[in-house]
Amino acid sequence: MIRLSPGFAINPRFRSDSFVNSQKPPFLSVQIGSQRRNLSRIGSENGDGVAFDAVAYEADRLSLDAAAMEDMAETAKKELESDPDSDPKAWKWVIRKKMWDLMEARNYAMSPRPVHHRIPNFVGASAAARKLAELDAFRMAMVVKVNPDSPQKQIRFLTLSGEKKLLTPQPRLRTGFFSVLESDLLKPETIMEACTSVGVAKYGRAIGLDEKIKVDLIVIGSVAVNPQTGARLGKGEGFAELEYGMLRYMGAIDDSTPVVTTVHDCQLVDDIPLEKLAIHDVPVDIICTPTRVIFTNTPIPKPQGIYWDKLSPEKLRQIRILRELKNRLEKKTGRKLPTGPSEKLPPTAERKRR
């Protein structure tokens, strides 16, 4: 079923033209690690006399992202070479590669490019964001969780400019968990910067697993999504699923919390088999493209938390907040939680052997 929603009025206090020729505001202080104590300082200092170095932070982030994408490219190569009958994830990589290739070939992709191994930015992302902002679910929401990827940047802006609280994960959950940004604590000229990774680090308040917060709407990025079922594929790292599972653990969301994605119309597919989805795969309730809004009425159950038997040792080592949660649960229950299979695949010849 496809329905279009009524118009949306943005708070004039945060109009986009308020950023034109605006002076750079003083940077808000944030706590940073000791490894950056010798970096050049910009802006104000925190209580330890250490300033946030935006240039160093962004360089570090881009370097780590590049390494992660290189790892994912290698994983994708191995998965695509594997036997689809014996590898439960190979089919997902076939769809991802087709979509990334299509978006590049037809020039639907936008910077950063190439879009391979990313949540792809796309032509019309801002129009899709405006469609999302017209939803009653967005209008009524007080707290909106939005992924940190490029095509959802305008949604982060509309969230803050709509005087809502923005919850966004720290990049790849490397340095922590989620950050909260509140428009009341931001100057109009800082809103756009606050929608970037650097801005989240500058202006956001880091939260932990004990934070008492209710999330009213979840926005996630997608590589491909089925409009008939709400089945969705991300870029293959599983962060949307992990973030969802941890929010369930915190009691911040439940089955009724709407999950929305914004995509280009070309990202709507019909070849995501429901029977092959994993228990932790997050379906979407609503899809917003530049041209329409689709309510999926998804029949797919939403994950109920973290499925530790599906979580690889590599992912656990990579994400500190997951280790903290696992240790907490094991201490509370007095029993060791299971760990999933390794992400390392056997050699190509062995994978293709029947």
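Each Cβ is built from the backbone N, Cα and C atoms, and glycine gets one as well.
In the three-state DSSP reading, MET72 (ATP binding site) counts as helix. For MET72 (ATP binding site), the number of other Cβ atoms no farther than 10 Å from its own Cβ, over all displayed protein chains, is 18. Annotation source Swiss-Prot lists ATP binding site at 60-73, 234-243, ASP281.
For GLY236 (ATP binding site), the same-chain residues lying six or more positions away in sequence with a CB closer than 8 A to its CB are MET72, THR75, ALA76, LYS92, TRP93, ARG96, HIS117. DSSP assigns GLY236 (ATP binding site) to coil in the three-state reduction, outside any helix or strand. What Swiss-Prot lists as substrate binding site is GLU134, LYS235, GLY236, GLU237, GLY238, PHE239.
Look at Swiss-Prot and you will find 330-354 tagged as region 'Disordered'.
According to Swiss-Prot, the transit peptide annotation covers 1-51, on the basis of sequence analysis.
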Other C-beta atoms that fall within 10 angstroms of the C-beta of LYS235 (substrate binding site): 22
In sequence order, the binding-site residues (GLU134, LYS235, GLU237, GLY238) whose C-alpha falls within 10 A of ASP281 (ATP binding site): GLY238
Nearest-integer angstrom distance between the alpha carbons (Cα) of ASP60 (ATP binding site) and GLU134 (substrate binding site): 36
Rounded to the nearest Å - Cα separation of PHE239 (substrate binding site) and ALA68 (ATP binding site): 13
